[in-house]
Amino acid sequence: MVNSTTDILVENNEAAALFLNNGPEVQTYSEEVLNSLSHGIGLLLCIPAVFFLLSLARMKGSKWHVVSCTIYGITLMTMYFCSTLYHSVDIFHLEKYRDFFKDLDHCAIYMLIAGTYTPLTLINLVYNNLSHNNNNNDSSNQPMINGEQQKQNQKKKTPKAVKIGWAMFILIWAMCVLGVGSKLVLGANGVPDIISNSFYLLMGWVSVIGLKDLIKNLPHKGLKLLVSGGITYTGGVGFLIWETAPFNHAVWHLFVSAGTLFHYFCILESLLPSNLLKKDNEHNHHNNNSNNNHLVNNDSKTTETTPTITATTTTTTTTTTTTTHTSTIHKHHSVILEHLEFAEKQIHMKFFGAGRRRKFIVKYMSILHHIFLGWYSSSTVKKDKLH
């Protein structure tokens with residue numbers, strides 16, 4: 001009777017462990033080899049790509065671009081490194097460090113999610129809108145006002161996208177600190193996997209908060225790549241929790257690698273200064289001003305004759321058509337290809353120097369872009385040749 005009671009207690013404890021921690025490690029030796037190789041190769045592939053991004057940020061961008069892209073690049077490489085290290089435990093017989101490396105692996109995931117949001121929020125939503133707002137509100141064109149009035153006016157004039165950008169940035173890093181803190185204090189095995197996975201997904205879809213502003217401030221291709229990355233990550237979670245499937249974790253790693261590539265090219269397409277993006281912004285700003293002027297003129301008119309109404313309608317229709325045309329500029333051009341052409345024309349590249357190293361990184365990025373996004377940019381290249 002005593003033995004049977006003890007057995008029941010043991011079984012109940014094991015069941016509780018299975019629920020809280022998804023049970024003991026179920027990965028075989030061959031599976032762990034593939035797990036470590038998948039992200040080890042990912043690490044080797046991402047290092048040159050990160051430095052290419054930082055090189056362009058230094059050469060074409062501001063301090064905001066450099067800092068944001070540096071944070072993103074460090075978190076991306078850290079995630080791949082920690083994952084490779086953790087899954088190499090069995091290969092190099094470092095079982096006593098398993099829990100420690102698992103903690104690092106899980107912490108790095110939180111950091112990557114927050115790191116990916118950093119350039120999207122600080123550059124696309126905050127910096128770009130602040131720069132545009134400062135240009136529109138040049139103090140030299142305004143009458144002298146005292147300091148307090150100037151501060152109040154500045155608060156009133158702060159674009160909504162800037163406030164949303166800061167809110168998302170603070171929220172995502174607060175969630176990152178909470179996640180990392182829980183792993184360091186309780187340990188990776190002290191936090192149920194179902195909670196960790198849910199928290200990863202919740203962090204990943206924080207972008208829903210500023211969805212409208214992201215749609216307005218991200219170019220068409222950048223938005224498409226951003227959403228593709230989010231869907232890829234989310235789809236891969238199914239394999240992560242499907243522990244009975246052979247090589248399920250390696251498949252999850254492939255989804256993660258694809259997701260990171262989507263988001264990397266999203267940043268390369270959307271955030272770095274570009275002539276195409278600059279022209280598009282100027283066109284849209286010009287058209288917005290034209291629309292506002294037409295509205296002002298229409299309000300000031302007191303005569304409501306039929307010919308006037310007809311003329312106004314025609315003008316408004318023309319303006320709308322022009323706006324639609326300019327808003328689709330990114331559907332016909334590739335900013336990434338523009339960056340590659342820029343790098344090819346440079347004699348010296350930051351972090352790479354000149355000569356063979358510069359040629360290597362340009363060739364490497366061209367191949368990576370062609371392999372991963374060739375299906376997406378083939379139509380773009382044909383249209384560019386026609387123009």
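The backbone N, Cα and C atoms fix where each Cβ goes, glycine too.
The Zn(2+) binding site annotation in TrEMBL covers H87, H249, H253. Over all protein chains present, the Cβ of H253 (Zn(2+) binding site) has 26 other Cβ atoms lying within 10 Å. DSSP assigns H253 (Zn(2+) binding site) to a helical segment in the three-state reduction.
What TrEMBL records for 287-306 is compositional bias 'Low complexity'.
Annotation comment: TrEMBL describes 138-158 (among others) as region 'Disordered'.
Marked as region 'Disordered' by TrEMBL: 282-306 (among others).
Marked as transmembrane segment by TrEMBL: 37-57 (among others).
According to TrEMBL, the transmembrane segment annotation covers 69-88 (among others). Remote same-chain residues near the transmembrane segment (69-88) are listed as 27, 32, 35-36, 39-40, 42-43, 46-47, 50-51, 53-54, 57, 61, 94, 98, 101-102, 104-105, 107-109, 111-112, 114-116, 118-119, 249, 253, 260, 264, 267, 271 (criterion: CB distance under 8 Å, separation of at least six residues from the stretch ends).
Residues or ranges marked as transmembrane segment by TrEMBL: 108-127 (among others).
Here TrEMBL flags 164-182 (among others) as transmembrane segment.
Annotated transmembrane segment per TrEMBL: 194-211 (among others), in sequence order. If one looks beyond the transmembrane segment (194-211) by at least 6 residues along the same chain, the residues whose Cβ comes under 8 Å of a Cβ in the stretch are 22, 106, 109-110, 113-114, 117, 120-121, 125, 161, 164-165, 167-168, 171-172, 175-176, 179, 188, 226, 230, 233-234, 237, 240-241.
Positions annotated as transmembrane segment by TrEMBL: 223-242 (among others). Non-local neighbours of the transmembrane segment (223-242) in the same chain are 22, 120, 193, 197, 200-201, 204-205, 207, 214-215, 248-249, 251-252, 254-256, 258-263, 265-266, 269-270; each lies 6+ residues outside the stretch with a CB under 8 Å from one of its CB atoms.
Residues annotated as transmembrane segment in TrEMBL: 254-272 (among others). Distant neighbours of the transmembrane segment (254-272): 38-39, 42, 46, 49, 53, 56-57, 60-61, 65, 68-69, 72, 76, 79, 112, 116, 119-120, 123-124, 218-219, 221-223, 225-226, 228-230, 232-233, 235-236, 239, 334-336, 339, 369, 372-373; these residues of the same chain sit at least 6 beyond its ends, with a Cβ under 8 Å from one of its Cβ atoms.
What TrEMBL records for 360-378 (among others) is transmembrane segment.
Sequence-distant neighbours of H87 (Zn(2+) binding site) (same chain, 6+ apart, CB under 8 A from its CB) are Q27, E32, N35, S36, H39, H249.
If you draw a 10 Å sphere around the CB of H249 (Zn(2+) binding site), it holds 19 other CB atoms from the protein chains shown.
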